[in-house]
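Participant: Quick one: this structure, given as structure tokens, is what I'll be asking you about.
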Amino acid sequence: MNQSATHNVTEFVLLGFRGCWEVQIFLFSLLLVVYVLTLLGNAAIICAVRWDPRLHTPMYFLLGNFAFLEIWYVSSTVPNMLANILSKTKTISFSGCFLQFYFFFSLGTTECLFLAIMAYDRYLAICRPLHYPTIMTGRLCGMLVSLCWVTGFLGYPIPIFFISQLPFCGPNIIDHFLCDMDPLMALACAPAPIAEFIFYTQSSLVLFFTVMYILRSYTLLLRAVLQVPSAVGRRKAFSTCGSHLVVVCLFYGTVMVMYVSPTCGIPTLMQKILTLMYSVMTPLFNPLIYSLRNKDMKFALRNVLCRMRISQNS
């Protein structure tokens, strides 16, 4: 299609969370604090993994890369939300909207793949401890991480490109704080059943296969842990895997409600809150969950803080 002939809409209006000016200032302050804490928490995990030699293991290598991913994931939405709250027009350009759409779903897909690989790592560490050092090598970790990033970012360019070529000739108001699939398709002046089918099939397959693999891994892991004769050993195993399982439940629980169950019966405000939970709050909680339940990580984070104090004093 000729883009100039079909795109009468040159920008979209993101309504976000509506309310009086005082409410908008409160939301801006809250989101700013959450964003800064998310950046600091995940950056601290990256520094701890990089600087502490005891954390140079596959589990922490994956955790450091996961923290790096979370920084980009939250940055795909929150800076624009903050600017949108202060803006009087609340507009986002046509290309900016689809770029956000692409990065948001690509990073979300990458996160699903990361969570599956982290479950695989925990399964090997507990169910096959003798083979773990020879299987989960640094080279394999690097390959798995690269595969997550490449797969996540190569999956959506084609369907999103075809959706962007649809004619948008009518209203340009999106009752959301980001450019999402359903609001965009509702504004298109022509249907795109093939592009929609590819997009939703791809998203559903990623969610289904990753969550099924994680559940299978943890079923086998739980069975192996229950066979450990020592109560101390069982507690240690549960502590090691509990953090990852909490993150999985937080992320997949809200994502499944949004993209697997029908959203037509969910109020718009609830859809916004659910999206806010998995796209903003989960990256905030991850550093807390992983650090509070892990002695090695807490010790490494203390070392990071000590280094920062020493560098400031010098």
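Using the three backbone atoms N, Cα and C, a Cβ is placed for every residue, glycine included.
Per TrEMBL, transmembrane segment is recorded for 25-48, 60-78, 98-120, 140-162, 205-226, 238-261, 273-292. What TrEMBL records for 41-290 is domain 'G-protein coupled receptors family 1 profile'.
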Participant: At an 8 Å Cβ cut-off, counting only pairs 6 or more apart in sequence, do the transmembrane segment (25-48) and the transmembrane segment (140-162) clear the bar of 3 or more pairs?
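Facilitator: The answer is no, given that the two segments have fewer than 3 Cβ pairs within the 8 Å cut-off.
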Participant: Thinking of Cβ pairs under 8 Å, which stretch from 60-78, 140-162, 273-292 has the most of them with the transmembrane segment (98-120)?
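Facilitator: If we count Cβ pairs closer than 8 Å to the transmembrane segment (98-120), 140-162 scores highest.
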Participant: Quick test of the contact rule: Cβ under 8 Å, at least six residues beyond the ends. What residues does that give for the transmembrane segment (140-162)?
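Facilitator: Distant Cβ neighbours of the transmembrane segment (140-162) are 58, 61-62, 65, 98, 101-102, 105-107, 109-111, 113-114, 117, 192, 194-195, 198-199, 202, 206.
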Participant: Quick one: mean pLDDT on the domain 'G-protein coupled receptors family 1 profile' (41-290)?
Facilitator: 87
